[in-house]
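Visitor: Got a structure for you, questions after.
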Amino acid sequence: MANITKKVSWSSRGDESGAAGEETPLLNGSEQSRPLRQMSSGSTVFQIGRLSTVDLDEEITTEEQDSARGRPKEIPHNEKLLSLKFESLDYDNIENQLFLEEERRMSFVAFRCLEISRWVICGLIGFLTGLIACFIDIAVEQLAGLKYKLIKENIVKFTEAGGLSISLLLWVALNSFCVMWGSIIVAFIEPIAAGSGIPQIKCFLNGVKVPRVVRLKTLVVKVVGVIFSVVGGLAVGKEGPMIHSGAVLAAGVSQGRSTSLKKDFKIFEYFRRDTEKRDFVSAGAAAGVSAAFGAPVGGVLFSLEEGASFWNQMLTWRIFFASMISTFTLNFFLSIYHNKPGELSNPGLINFGRFESEAMEYNLYEIPLFIAMGAIGGGLGAFFNFLNYWLTIFRIRYVHRPCLQVMEAMLVAAVTATVAFIMIYFSTDCQPLGPDHTEEYPLQLFCADGEYNSMATAFFNTPERSVRSLFHNPTGTYNSLTLGLFTLTYFFLACWTYGLAVSAGVFIPSLLIGAAWGRLCGILLASTTSTASMWADPGKYALIGAAAQLGGIVRMTLSLTVIMVEATGNVTYGLPIMLVLMTAKIVGDYFQEGLYDLHIKLGSVPFLHWEAPATSHWLTAREVMSSPVTCLNRIEKVGTIVDTLSNTSTNHNGFPVVVQVSGDDEVLFDLATDKNAWCKILHSCI
């Protein structure tokens, strides 16, 4: 860090490097923002431009000094600039003399013990991830059950006596109260726990060191926050945050210590390297997918497709082992909770149910229809991402204070409850309530005796149960108007909700939107022909629509196909789901990037994609490097290193170590990629 009270020069090169560094251009070719300095009485106040998303081009005047110390009302944002708060992870082992000597001292038995330790750690990751998923599921079921029972009793009471506005106020108050606490702990305690966490984990596995993304406090806030978000009735799901939770557990267990608790258990010390940590975080992300959807193979493919930048055969087996342990643990403890010990029928947090009836079979002539639905899902997904992109930019510019973020989350919760109540109140879609009904909280409202309001089945329920009802409720349960209105309103509510300062995922809202318009497509197809049996059960089209909508938003193909097949328990749907997801990705990519990639770009993260941009092959290194280069000699004075590290104009963290050959020619010798590594070396020499 720079000296705040006084600028001390440790070497004769300090002033030169500082002056030269102020004019260093950014990677995108624009001029670098200059550090702002405002002199005050007796001290120097530095305002260091650590984030490229803040405009620091204008000098601060004396009148603006006090306001500059606080938070600006608007933060200009440009996602084309890379943020300076991120550093890279050292995924390549530093094979120096000390490392080679340590490896040389290890015997064959020691290497075998290390391999066994890796399997043990993966087993612990799967077990703990399953426990976390079980805790979230039980907590949401209990708290949401209490909330819906209380509101239902209130609605039944005031339907006859009049005064349903009191029921609306109760619904709004309960939702806002739950969401308020879920947002407070995120906005004020750990902001990195907001959202699903999947973009951050993708960046971590890509080699970007995202601050505090795998801390214990992040895990606690993530788990508690997602419970409050789902119970608060937001258009969110609890499955996405499970991936982040599994990754945090993997990072903590594999290191044998906790920086949040400041506790070192003196175990697994060999694995305290970025290379080993990366592999275990991949296993944790896969275990989170397995616990969320009951899809261990899908979890492995998710880590391979979306996250990991390194892979080998043994890693595949260990990750699959962690995924299987995760889903088995969740199965086992949920069977005990449901008083059916040993009955492993709850593989994941979301259970799509079995698609095994004859009415759910599909024919060859339906394949083009499925592909068309995939195109619709890709278009709707691109529109969803487009709206959320500009909404997120608005939040970055104006809703950046924690108190404003909490107020926005409470506003969304209140609006969601109000919209749901209005839709249920004015709905005339009444369906008979049979003895074998599957509705958890059926609302009669103004329907006749023995009937229930079908709009309430979609709104007055947890999102997971709503998805299952759209998949498996018999034909005639919903009419076209109900599904159309629900799709329209829930689409915009989900788009508004994603990006709030709450822990929440987008998987289940996407599935719910797609299931609604997919079932609508099935009903419309059946109404166009005289033989409705030709198109069979609309639940089949609800499944295809759900896959199309989710694929259009997140743009996953291989892993999502396997996840959907495993969640439905019917491999015959593999071909149509694959075709739908491929079509949705192709159509969606034509208009807009995937949601996770957009949020990575909005975070100004230096994410390295698999392929370089098509127009970048003609570029050379000198065209994108900063100039002049801040470099160090192979034998360097300590004062020069201290000046280089403390120089506020040196915003990058990699310093080439060069060797003088002859004259002015220099040859690259090494590259110190981590400023923290230099600080540790200096600290050890003192």
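Cβ coordinates are placed from backbone N, Cα and C, and glycine is handled just like the others.
Pulled the feature table from TrEMBL, pasting it below:
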| type | residues | note |
| --- | --- | --- |
| COMPBIAS | 1-12 | compositional bias 'Polar residues' |
| COMPBIAS | 27-43 | compositional bias 'Polar residues' |
| REGION | 1-43 | region 'Disordered' |
| TRANSMEM | 119-140 | transmembrane segment |
| TRANSMEM | 168-189 | transmembrane segment |
| TRANSMEM | 219-237 | transmembrane segment |
| TRANSMEM | 280-303 | transmembrane segment |
| TRANSMEM | 315-337 | transmembrane segment |
| TRANSMEM | 367-391 | transmembrane segment |
| TRANSMEM | 403-426 | transmembrane segment |
| TRANSMEM | 490-520 | transmembrane segment |
| TRANSMEM | 541-565 | transmembrane segment |
| TRANSMEM | 571-591 | transmembrane segment |
Visitor: Between the transmembrane segment (367-391) and the transmembrane segment (490-520), do 3 or more CB pairs sit under 8 angstroms, pairs being 6 or more residues apart?
Guide: yes
Visitor: Test the contact criterion for the transmembrane segment (168-189) and the transmembrane segment (403-426): 3 or more CB pairs under 8 Å, pairs 6 or more apart in sequence, then answer yes or no.
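Guide: Between the transmembrane segment (168-189) and the transmembrane segment (403-426), contact is present.
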Visitor: Sort out for me which stretch, of 219-237, 315-337, 367-391, 403-426, 541-565, has the most Cβ pairs below 8 angstroms to the transmembrane segment (119-140).
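Guide: By Cβ pairs under 8 Å, 315-337 leads among 219-237, 315-337, 367-391, 403-426, 541-565.
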Visitor: Is the transmembrane segment (541-565) in contact with the transmembrane segment (280-303), using three or more Cβ pairs under 8 angstroms as the rule and ignoring pairs under 6 apart in sequence?
Guide: yes
